[in-house]
Amino acid sequence: MSADDIVEIFRRVLETDDITADSDFFLLGGDSLLGTRVLSAVARTRGVELSFEDLLDAPTPDALAKKIAGVTR
Amino acid sequence: MKVLVVGAGLAGLTAATDLAARGVDVQVLEARDRVGGRMHGIEVAQDDWADAGAAYLGERHTELLALMAETDLKAVPTAMEGASRFALTAPDATAPDARSVPGRFPPLSGVALGELFDLLDEVTRTVRVDAPWLTPDAERLDSITAAEWAEENLRHPDARLFFPLFLGEMMAAAPADVSVLHMAFYLRSGGGLRYLNAFAGGAQESRIDGGAHRLCEVLAARLGDRVRLGEPVLAVEQDGDGVTVRTAGGAHRGDAVIVAVPPVLADRIGFRPALPEPRSSDRTAPGCAVKVHLIHPSPLWREMGLSGWSVSSDGPLLSTVDDSPPGGVGVLTGFVTGEEAKRYAALPLAEQRAAAVAQAALLFPGLPEPIGFHVTNWLDEPYSRGCYAALFGPGDWIAQGPGLTRPHGRVHWAGTETSTEFFGLMEGAIRSGRRAAAEAAHDHPTSGSAL
């Protein structure tokens, strides 16, 4: 799953196009409720079950893509 | 021109205030011996007030914020610092267990909750919020309950555990009491899932300093003797020249009337001629909220690094929040909602207190006995019949929805249940009052306004 895929997920969940690979989910209006929808989208498309702490730890598309790559390696 | 207003809650008082500002003669008739309806304050210590009913607002509540500015009332942020407490156990667990978590995220599967919110978001987006009965697939959505929807759609046990808690928090509903259409409408009307759920940046961003009831008290004070208390309305009779409103104490005559009470209460008024259709059905349930206040000398949980926010899967207190007035006593508000509210409401006060205190001690270890304890049972309030708002059950939106705001001759309708914007909230009440006042002034202008 590339950072670009996650940019798309962030755009859909946060309802804004103003997202790049280093946008911080929580600084752009994301909260825990919306965060779970990122997790469910990742699980749906990649089959990887991340926790909410994973998103707190890796809140940008770039960082989250690296985390997912680490889990699936 | 004279307009009679039935009900001195926020909707009725807003309507009366607007009409008075247009130079219209108004008379507000209130059943209780106080104004405010579902906005009610309890003085929990000298000059410290807790909201027994409606409490929270956010920046999208523009009419409420404007009215607060105009009446010189301030907003107090509900800022939370510290960890949350969660006691979420499977139904077969032997002993309850509470744990601390930073922030407000429950210790459940994030993916499972994400799937739940995806599903809720999907159904919420389909609703025609201005006319729910015109929603695509409205017949089907209005024929099944939220409980049936959950049974069919939610697979993960964490989603099944969390859904009734979420619905209880959002709309004081047991899933079996509301149609899917009403659930989706309510969530959309209030600004969507995220907005309705959030404290900071959401619908629980702040409270009214000194208590929400003060807003109603200020409006009533300005109206003066145009507000009469202790006048439960029994009948509304129209003839060729006007309308007569009969109360226990006498009869009042006007050119029009604005009925600003919840649908179930409106249906208990005798209308002549009769209403073309009822405003509620036997599936319309009261908003199932019992609010509990535990009073402490100060917000002691903050010294434990806790925010006061908690969520429990077993009641009575399904959630708690720190509603302490700035610089005052500690107020821990407990929300008992949904099915749990029906059970709890039936208990004697001593048992209610014992159960709430025991649960608070489990959630906040070391928390001593409270110095004060208050229970407000909205289910059995004869002049509210539920809180936050009426719960529309299967069939209600299709049958009653189109008529909720339609005038019945000289009778106009207000109340938060008649607002498709921010339904069930203070903001909805104000918007409904504004609309009803404009309608009444427009439809019956003959006697001339002073403006």
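In case you wondered, yes, glycine gets a Cβ from its N, Cα and C as well.
According to TrEMBL, the features are:
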- B:Glu30, B:Ala31, B:Val233, B:Glu417: FAD binding site (BINDING)
- B:Phe335: substrate binding site (BINDING)
- B:10-439: domain 'Amine oxidase' (DOMAIN)
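Cβ environment of B:Glu30 (FAD binding site): B:Gly7, B:Ala8, B:Gly12, B:Val227, B:Arg228, B:Leu229, B:Gly230, B:Glu231 lie under 8 Å away, each six or more residues apart in the same chain.
B:Ala31 (FAD binding site) sits 26 Å from B:Phe335 (substrate binding site), taking the C-alpha atoms as the reference points.
B:Glu417 (FAD binding site) sits 21 Å from B:Phe335 (substrate binding site), taking the C-alpha atoms as the reference points. It is B:Val233 that, of the binding-site residues B:Ala31, B:Val233, has its Cβ surrounded by the most other Cβ atoms within 10 Å. Binding residues for FAD (B:Glu30, B:Ala31, B:Val233, B:Glu417) extend across at most 19 Å, taking the greatest CA-CA distance. DSSP gives B:Ala31 (FAD binding site) a coil state; it is part of no helix or strand. Residue with the densest Cβ environment among the binding-site residues B:Phe335, B:Glu417: B:Glu417, by other Cβ atoms within 10 Å. Along the domain 'Amine oxidase' (B:10-439), the predicted structure has mean pLDDT 96. B:Val233 (FAD binding site) and B:Phe335 (substrate binding site) are 31 Å apart (CA-CA, integer value).
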